[in-house]
There are 2 protein chains.
Amino acid sequence: MSKIQSKLNIIPLGGLGEIGKNMTVFRYGDDIILVDAGLMFPEDDMLGIDLVIPDITYLVENKDKVKAIFLTHGHEDHIGALPYVMKQIGAPVYGTALTLGILQGRLKENGVSSEACKIIKPGDKIYAGNFKVEFIRVNHSIPDAVALAIHTPIGIIIHTGDFKFDQTPVDGQVTEFNKFAEFGDQGVLALMADSTNAERPGYTQSEKIVGQTFDDEFRYAKNRIIVATFSSNVHRIQQVVDSAVRYKRKVAVIGRSMVNVVNISMELGYLKIPEGVLIDIDESNNYTPDKIVIITTGSQGEPMSALTRMAMSDHKKVDIVPGDTVIISATPIPGNEKLVSRTIDHLYKLGADVIYEKSNGVHVSGHASQEEIKMMHNLVRPKFFIPVHGEYRHLIKHAQLAGSLGMPRENIVVGENGSIIELTRNSIGINGRVPSGKVLVDGLGVGDVGNIVLRDRRQLSQDGIMIVVVTIDKDTCTVVSGPDIVSRGFVYVREAEGLMETAKEKVQQALDKCEQSNVSEWSVIKSAVRDSLGRFLYEKTRRRPMILPIIMEI
Amino acid sequence: MSKIQSKLNIIPLGGLGEIGKNMTVFRYGDDIILVDAGLMFPEDDMLGIDLVIPDITYLVENKDKVKAIFLTHGHEDHIGALPYVMKQIGAPVYGTALTLGILQGRLKENGVSSEACKIIKPGDKIYAGNFKVEFIRVNHSIPDAVALAIHTPIGIIIHTGDFKFDQTPVDGQVTEFNKFAEFGDQGVLALMADSTNAERPGYTQSEKIVGQTFDDEFRYAKNRIIVATFSSNVHRIQQVVDSAVRYKRKVAVIGRSMVNVVNISMELGYLKIPEGVLIDIDESNNYTPDKIVIITTGSQGEPMSALTRMAMSDHKKVDIVPGDTVIISATPIPGNEKLVSRTIDHLYKLGADVIYEKSNGVHVSGHASQEEIKMMHNLVRPKFFIPVHGEYRHLIKHAQLAGSLGMPRENIVVGENGSIIELTRNSIGINGRVPSGKVLVDGLGVGDVGNIVLRDRRQLSQDGIMIVVVTIDKDTCTVVSGPDIVSRGFVYVREAEGLMETAKEKVQQALDKCEQSNVSEWSVIKSAVRDSLGRFLYEKTRRRPMILPIIMEI
């Protein structure tokens, strides 16, 4: 074995220093495998952007080396970039049945074939070049999540994916603690583990807790019950169904993604709904309100979602009426707090009783808290440690937790997206970088919106635009028409006629000056107009609209 | 006394169904008094807006009746609209020394005279028309806060302002429980009380807790300490100073509003800093890092604030270095979570140790939790109750709390901004409305940005703008120049030349068609261009930029 081949490179392309777009490359010699390919939702300042995916330049440049893609579970932040990745990378994609079921819907929407998808289950082993990957069942807020044991020529890497230790999972399928322990016995070179809740002391509660809350609410609710949650949380949906059955209510499902996931999960056997319980929303009028439960999307206050439409009295099929109980079984994802809060207020105004995060037991996290994280470390007992999946501060806290368990500081690497983390049997360190970053998806455009476009959108969003058009005779350099001024998003013109008139005069003065000094370069004229008008508007309004002079030549 | 005069109208113009812009009108016959006049920060969808103030049409229409304005404390959401209100309403403004000290700064910035301001202190009584207003000391996250006992011809109204019950306040000035109890003994017609924390069980912790946390951190910190907090939380600043003195550190203050408030508070005696402790930030290099504390703004991750600049390595005077301890002594205000989180991450990346909300005792709320709220009700024992200061759900929770103490449902009114709440000695109810709403302030413009401008800004922010200009000979109706296409915020033009070329052809086709069918109405030509180009762009990009056809005539 040559010297180069005794090194393993781990290259995170997403998920480090951020919550979302998780994606990790493993490279040994000329063999590459990829773990997950997630998307991220845009930051507030990415105006008009639909979603964000990792920069995969490195993968595309090495596409012939990519032997396989492995998926840990079916959440958007782990599979959402695949429609884009699979268009460029031809490798087989391995995931559990539910993961691939959800993925196939996404692929279809994007016109990508799902031929490359291969179903695996916990315990399976897949060979991919120099790698052998083994799947270990873990608990998370979606069924069928797995961790990976990646056998490499220099040792075993354990990648936890997203996980929690649920001692009483809804489907009875406990995390395979024994597998982690066995790998620990064999010796693990490095652990890569979920850092999302590394700030949270103690243990994350069991999903079962939420079922008990549902039971309590269902027992006392006198009218209709509406439950909003994440569509991918199939166990949560199962618990709503179970409570409905127990309290003799019918269940209607609304919201596009909720209907999709419920259908897939029933087909694949992850969701069990007894005959006759599920009804169409249109049939719900045949029952008294105390016999109905509606399961819906919208737990994040998303403007177009079913629950938000209900709250705004804008849903085609469901009107909220006094006496309804609405359970928002979720916690707002950072950035969504205000949307959720607005939804709650509107529901209250319509007379609903709203049960939300401030109540205990209405939601539990899908990620391990500090004690579970420590337990994972103590089961796996790795030589080296790389915290993954988290904002920078989560990674740091996770590194500190590992330190508190006795791992030497030099055995821990807190990387960044694009870092080439180099491992040998005896060492770990960062050795260079590959291209990495955020690729913005806006409509059909992937990566065509860059910093300049975003900067323009930001300026337009703040103070609008003012367009100045003049037609100039290019032979005589004299103005033959205009200047005309049109503004949008600056000020309501009917209320600012005086301002617009004076603005026009300012432009005229600037043009006259140019004419007097025989300026014939359009760019000089444009910047004279921009400066003079900009100064005038700022003085009068303290606003800085984008000023766009356009010269038409005849 | 005539029938009309035996009625009291309470009209909230802000603060109901929202956190912010608190403002309440009390009217008895032809006498009006106003309590507070606050601002609110813009919602996410109010693009480019600087701040939001209440609609004061009702006050302006009745300006001769306004006898006095009373302020409960110096926070922006209680005094921030005064520079605008005082330009139109000439009544005297009563507040405590610190409240008016802070207000005077704001008035000066806005070129408004502060002649109308009159300092009062707890225990003072002010007569204003038919009203007599008495001030009661309460605790809050700013010193010198008061509740009001408003004596009216039909009974006493207690307005709590913002409050908490701090049993060990930093300045030793406990809430005047006895006063509330005495009014309770006399009989209170109605209570209006702070609902901000009505969702929170138990008691709010004492401000002193934070001082203990500072002591703990200061004891162990080996290098420089930077504390970010709200500039108006003078007691918090006092505690930083106290810890600094205890651990022999010098204190430097940075951030415009922090420097302002520290100066005012020292002048007025609310902040006590021993001689020689306060240094200029420029002098801090004369000391070793373990002898320095910096107090700064930026606890909300505000983009232009001192702490955010430090985190982005963009502050003129302070570079964060490994070993610095940064204490963010605040909790993110809803909507600011992501900004704060980004600041924390950047500070960690620079090597600082960051202490923030996830740690216990680094911040306490300034608002009463459920047990304190109940205590307030039990001290005052009002006949009627109006929850104020809160989102709709907070008002509802507060109403439920009052109900749980035995108040009949019909004695509680949950109003909205603009509701005319009518009280007699024996009844309470809503009787009509006055104009109310949000007035948007953008630069120097107050209310000149309305729905149309905001709608345009939103569209511009999402997909940008595409401007199509043609010069047309108005006699022959033929195009003599153009069409030219200019876009901003849509797509980076250099990378989309082909698209822009085809777009131009589409416009040309639309123009040709108009010419062939002898269309000579500009508006018809414009909408032909808009439709044809819009359809083309949506098909190709799934984006909908604003399309702005401009026709120049010669």
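Backbone N, Cα and C define each Cβ position, glycine as well.
Between the listed ranges B:157-184, B:185-212, B:493-520, TrEMBL ties the annotation coiled coil to B:493-520. Between the candidates B:Asp345, B:Asp353, B:Asp442, TrEMBL assigns the Ca(2+) site shared with B:Gly48, B:Asp50 to B:Asp442. From the candidate list B:His363, B:His377, B:His389, the residue TrEMBL records in the Zn(2+) 1 site shared with B:His73, B:His75, B:Asp77, B:His140, B:Asp162 is B:His389. Same-chain residues lying 6+ beyond the ends of the coiled coil (B:493-520) with a Cβ under 8 Å from its Cβ atoms: 466, 468, 470, 477-479, 483, 485, 487, 528-529, 531-533, 536-537, 540-541. If you take every residue in the coiled coil (B:493-520) and average the pLDDT, you get 82.
In sequence order, the binding-site residues near chain A (CB to CB under 8 A) are B:Gly48, out of B:Gly48, B:His73, B:His367.
Apart from B:His73, B:His75, B:Asp77, B:His140, B:Asp162, B:His389, the residues listed for Zn(2+) 1, the same chain places the Cβ atoms of B:Asn22, B:Gly38, B:Thr72, B:His78, B:Ser141, B:Ile142, B:Ala145, B:Gly161, B:Asp194, B:Gly366 within 8 Å of the centroid of those Cβ atoms. Put simply, B:His140 (Zn(2+) 1 binding site) is 11 Å from B:Val364 (substrate binding site) when counted between their Cα atoms. Each of the binding-site residues B:Ser231, B:Ser232, B:Asn233, B:Ser365 was scored by how many other Cβ atoms lie within 10 Å of its Cβ, and the smallest score goes to B:Ser365. Taking the Cα of B:Asp77 (Zn(2+) 1 binding site) as the reference point, the closest of the binding-site residues B:Gly48, B:Ser232, B:Asp442 is B:Ser232. Among the residues the record lists as binding substrate, namely B:Ser231, B:Ser232, B:Asn233, B:His363, B:Val364, B:Ser365, B:Gly366, B:His367, the two farthest apart have Cα atoms separated by 17 Å.
The Cα of B:His75 (Zn(2+) 1 binding site) lies closest to that of B:Ser232, out of the binding-site residues B:Ser231, B:Ser232, B:His363, B:Gly366, B:Asp442.
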